[in-house]
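For reference, the structure discussed in these notes is given below.
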Amino acid sequence: MASEITYAEVKFKNESNSLHTYSESPAAPREKPIRDLRKPGSPSLLLTSLMLLLLLLAITFLVAFIIYFQKYSQLLEEKKAAKNIMHNELNCTKSVSPMEDKVWSCCPKDWRLFGSHCYLVPTVSSSASWNKSEENCSRMGAHLVVIQSQEEQDFITGILDTHAAYFIGLWDTGHRQWQWVDQTPYEESITFWHNGEPSSGNEKCATIIYRWKTGWGWNDISCSLKQKSVCQMKKINL
């Protein structure tokens, strides 16, 4: 009896392929976090804050400028009014220079005009110490005279009394360091000292005085002595 042979079909599932196929499937993408633009550190909020700050600064600057302009305009008006009030007490000379935009060069009454300055020799009763003389000039908007040229020296001496001495705006600050009251640099080449002067370290104020043999020149004396003086101020242009 022939034996029966039974055939069975056996199929094997390829697990590796299945696993491989599973592994190659794309993973689900992660969701990116959305930034909240309303948070304090966001660029838009910083930009807004910066613009507000710049606006406030601009407003502040504008207000300050308006206030400054108003005060400056007021000062000009007051200065103009003061000149108008003083005009009746001024002695004026018409300018002949076409380069000057102002027509008149003026000095207060009793003052003398020379160059760009006005000069005043106070009255006989006005003798005072050097400090007091400077104070008297200052109250008139002037200072003790500062001499810067031979021409100026000659003009000043031409209006002085040869029998008196006059304080000028030169004083010794210490160790023979001479200084002008208006801070003009002191230059040895533009000085008019008498021979042998200055002569004493204790005499710290300068006068202009006439000597019979040598004429007008400068002399140092004690600041506390009472002398006449010469005041100087810038001319007024109208």
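The count begins at 1 with the first shown residue.
Each Cβ is built from the backbone N, Cα and C atoms, and glycine gets one as well.
Between C107 and the candidates C92, C118, Swiss-Prot records a disulfide bond only with C118. The stretch that Swiss-Prot tags with motif 'ITIM motif', taken from the ranges 5-10, 143-148, 155-160, 167-172, is 5-10. Between C223 and the candidates C137, C205, Swiss-Prot records the disulphide pairing with C205. In Swiss-Prot, C137 is paired through a disulphide bond with C231, chosen from C92, C231.
Shown in sequence order, W193, G196, S200, N219, D220, I221 are the same-chain residues outside E197, P198, S199, E203 whose Cβ sits within 8 Å of the Cβ centre of the alpha-D-mannopyranose site. Mean model confidence of the topological domain 'Extracellular' (70-238) amounts to 89 (pLDDT, 0 to 100 scale).
The Cα of C118 (disulfide bond) lies closest to that of V146, out of the binding-site residues V146, E197, P198.
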